[in-house]
Amino acid sequence: IRTHTLPCKCPICGKAFSRPWLLQGHTTHHTGEKPFSCQHCNRAFA
């Protein structure tokens, strides 16, 4: 049973989140964005 609301909804897949920053992180799955990179090997990560 959920006791909190999920006001932030992904416009692409409809998945709902309780916090805006969780939705923002989720959108990288759809966009393919990888904003974090390793300083040692230069690989990018989501």
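Each residue, glycine too, has its Cβ placed from N, Cα and C.
Sequence annotations record features per position, and here Swiss-Prot assigns zinc finger to 1-4 (among others).
Taking Cβ pairs closer than 8 Å, the zinc finger (8-30) reaches residues 46 in its own chain, all 6 or more past its ends. Summarising the annotation, Swiss-Prot assigns zinc finger to 8-30 (among others).
What Swiss-Prot lists as zinc finger is 36-46 (among others), and the listing cites sequence analysis. Long-range contacts of the zinc finger (36-46) within the same chain: residues 28-29, each at least 6 residues beyond the stretch ends and with a Cβ under 8 Å from a Cβ of the stretch.
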